[in-house]
Amino acid sequence: MSQLTVFELTVLLAFSSIGAGFIGALTGLGGGVVLVPLLTLGFGVDMRYAIGASLISVIATSSGAAAAYVKEGYTNIRIGMFLEVATTIGALVGAFLAAKLSTSVIAIIFGAVLLYSAYLSNQRHQDHPLDAQPDPVATRLRLDGSYPTSEGSQSYHVQNVPLGFGLMFTAGTLSGLLGIGSGAVKVLAMDQVMQLPFKVSTTTSNFMIGVTAAAGAGVYLSRGYIDPGLSMPVMLGVLAGSLWGARMLVYARPQLLRKVFSVVIFILAIQMIFNGLTGRL
Amino acid sequence: MGRRTRTWSDEQIEQTVGNLLRFGVLLAAGVVALGGVLYLFHYGNTTPDYHIFRGEPSSLRSPAGIVSEALLLQRRGLIQFGLLLLIATPIARVAFSAVAFWKQRDHLYVAITLVVLGILCVSLIGLA
């Protein structure tokens, strides 16, 4: 790879990043989970530069997609803001851990998170019963809300706030440590633990990813982990790919896509763990 | 409902937040692309090496340093300025939310939002 000129590498990175953004948008997992393995395993980029560039692209795609979702009225802005206290503190912790841990350890954690994401994306989704009782903590924090459905506006009650908050801290830490959006963990916390409707969970997760990633990116920037020459094609490529993917979503078959994508993620996960264990990253 | 005229409704806030995010991302992407073109014209034929981590020079690590590099139309500084705008977009969204909750007289959420804003400022400016 060291034989490539800056121009050739930029073009290759841009096209790969368009692919990562496209697949990330179609499967709902985001570009970050493919980008870091792609940059480190495929292009031989140092882990720290890869995580910095990935985190930057995560902000771009999250903000781009959130703009549309927020306008549709699914996103719960109060839940997002409240949980961002946990995710941003987590992101700072993760970004500081990234400087303390060796790249081998980070690679192994990355692989484990990839495996878990692949597993989660294949779980069948079940809707929650609508007769849930109001939770006192959620009521005091005014987290309950409503969202548009085909039968009109549907209200919901939020459950298990402390556990959801704790999981969000974990999601933030992983985001700051690995340079990913950790949307899978965020959706798990909101959909499974806090019992939010699935559409509210996914769109609020997307809304939060940008702020979480910005907290991590700030630390990376001041540490010198964010290289403009590398981040430029990655950010522009992932952004273009994800906008394209969001448009193609109407024509896609998500079940099949998720199956294919989870196989890809599984292979990447094994490679990350193997390279981490053998100290090649 | 009578207070709707003075305070902002959730829908209005959602529309404004959506526009804010879209504008920030497009502006950032534009600056990064401009810096990128200049960068490629100048450095396109050199050979990069990202295998070994060196870290960026101090002028590309702090908001103040990045802004002054960008004002000098330094190529890498211009890209970094675009990336800084991108990082600033969610931060601006949080700052706007604080104002919106204030207009709604939702003091609990003004406080929660300011905590998040404080954490984001710490990450960008200090401690590292």
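Quick reminder: no glycine exception, Cβ is built from N, Cα and C everywhere.
Tertiary proximity for the transmembrane segment (A:12-43) is limited to same-chain residues at least six positions away from its ends with a CB under 8 Å from its CB atoms, namely 1, 4, 49-51, 53-55, 57-58, 61-62, 65, 107, 110, 114, 117, 121, 178-181, 183-184, 202, 209, 230, 233-246, 248-249, 252, 254, 257-258, 261, 264-265, 268, 271-272, 275, 281. Among the features that TrEMBL reports, transmembrane segment is placed at A:12-43 (among others).
Here TrEMBL flags A:49-70 (among others) as transmembrane segment.
The transmembrane segment feature in TrEMBL is assigned to A:82-99 (among others).
For A:105-121 (among others), the entry in TrEMBL reads transmembrane segment. Cβ atoms under 8 Å from those of the transmembrane segment (A:105-121) belong to residues 27-29, 33, 36-37, 40, 47, 51, 98, 174, 177-178, 180, 182, 184, 187-188, 258, 261-263, 265-266, 268-273, 275-277, 281 of the same chain, restricted to positions at least 6 beyond its ends.
Under the heading transmembrane segment, TrEMBL lists A:163-185 (among others).
Residues or ranges marked as transmembrane segment in TrEMBL: A:205-222 (among others). Counting same-chain residues at least six beyond the ends of the transmembrane segment (A:205-222), those with a Cβ under 8 angstroms from any Cβ of the stretch are 30, 51-52, 55-56, 58-59, 62-63, 65-66, 69-70, 75, 77, 80, 83-84, 87-88, 90-92, 94-96, 98, 171-172, 175-176, 179, 181-183, 186-187, 190.
The transmembrane segment annotation in TrEMBL covers A:234-254 (among others).
Per TrEMBL, transmembrane segment is recorded for A:260-278 (among others). Here the transmembrane segment (A:260-278) has long-range neighbours at 23, 26-27, 29, 33-34, 37, 40-41, 103-108, 110-112, 114-115, 117-119, 121-122, meaning same-chain residues at least 6 beyond its ends whose C-beta is under 8 angstroms from one of its own.
Beyond its flanks by at least six residues, the transmembrane segment (A:163-185) meets 28-30, 32-33, 35-36, 50-55, 58, 61-62, 82-83, 85-98, 101, 106, 109-110, 113, 116-117, 120-121, 193-194, 202, 205-206, 209, 212-213, 215-216, 219 of its own chain at Cβ-Cβ distances under 8 Å.
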